[in-house]
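TrEMBL lists 18-133 with the feature domain 'DOMON'. Look at TrEMBL and you will find 133-338 tagged as domain 'Cytochrome b561'. TrEMBL lists 177-198, 210-232, 244-265, 277-298, 310-328 with the feature transmembrane segment.
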Amino acid sequence: KHMCFSQPPDCDPAADPSCYFMAVTALPTASGISVELQGRAEGYISFGFSDDQSMGNDDIYICGTDSNGTVQVQHAFSTGRSRPTIVPLGNVSDITASMSDGVIGCSFISRNPISAGGMTEQNSTYFLLYAYGSTTDGLIQFHGTNRFISDSRVDVLNPQIVKRAHHPSASKAHGSLMLIAWMTTSSVGMITARYLKAVGKGKGCSSKDVWFLAHVSLMSFTVIITAIAFILEFAHIKGWAGGVHPVLGCLVMILSLIQPVAAAFRCSPQHEKRFVFNWMHGIMALVIKVLAVAAIFTGLALFDDSPEKWLLQVMGGFVGWEALFFILQESNMWWKRKGKSEMHLVAKTPNTTLLCITGILNLSQLTGCLFITIMKENVTFIFFI
């Protein structure tokens, strides 16, 4: 019997190449453990025994590619959030290691005592850490959010199925705040500035219209919420996580701070170059919105463990609904402008009445057309004979 730890839960590594799996079997008389490890990664998969659910003072085994691309088993010890220190492999035998179609697998028997928390212990309970990532010239790189942690201490010598810990509360709060900021307050703020300027026209405070006050308040909340979420996650991770998500998040944070600063130095509405600010402000808002939505999608992908990826589907529906709303509003504005333009053109076009007069003058047939052109208060008569 084995102690098993997998992600997604209960996945079958033999049938599912995206299954991250480890199994530990106690040897007779508790003389050591037999380990099986498998997972899809660009360079390495690893697991560790820890006294807590954070990296640091952990006994780690790494199954990764060296500078020649050959999969090797390494023994390491972590002293913090930096790259673990490689230590002698020790009493490890029966090593098998392979890599096929991006899936790394290895197995071995270790009779080394487990060292965690700076002490060497045996027959103790530990948290299990599982991480994977890339390698460069045989050196493992930071795994970022590619990690799984057991929800409680486990006895490595006791057969059991280990459950993965829930996502940290700090990460959940980070994601929730970003959703509020970029799918609620920012959306309402943009809608207010774009489509609701006529509401409460001439009414407001300090000579500012209601729509402007609402827009500034909502977008200020957006920036504040974004900053809180940004700081919260960095304080939790205490480092730079790999992947696209943190890059997008940093871009959103930087541009979100630039946007209000640029708006504070805008020219007056009557200035001849005001249209430049309007265009730049609008384009910047659109860019930030797109980056924020992309960051949310990549963030949800890190959280969504379901086979159906329902979190991404719900987010896709949310974004699709909002995009449809903006398309309909823009179409409505275009039709209104087109109607006003046509009415303006009709108002500017002279009203013309054609009168055709046929008569006899001096025994000669005279056919004339009288055009009466009305332009404001002037009347012009034109005869064609």
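Using the three backbone atoms N, Cα and C, a Cβ is placed for every residue, glycine included.
Note that TrEMBL annotation is computational and uncurated.
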Same-chain residues near the transmembrane segment (277-298), Cβ under 8 Å, at least 6 residues beyond its ends: 175, 178-179, 181-183, 186, 190, 243-245, 248-249, 251-252, 255-256, 258-259, 262-263, 266-267, 312, 315, 319
Chain residues outside the transmembrane segment (210-232) and at least six past its termini with a C-beta under 8 angstroms from it: 170, 173-175, 177-178, 180-182, 185-186, 188-189, 192-193, 196-197, 199-200, 203-204, 249, 252-253, 256-257, 259-260
Counts of helix, strand and coil residues, the domain 'DOMON' (18-133), according to DSSP: 3 helix, 73 strand, 40 coil
Contact set, same chain, for the transmembrane segment (244-265): CB under 8 Å, 6 or more residues outside the stretch: 144-145, 182, 219-220, 222-223, 226-227, 230, 233, 280-281, 284-285, 287-288, 291-292, 294-295, 298-299, 302
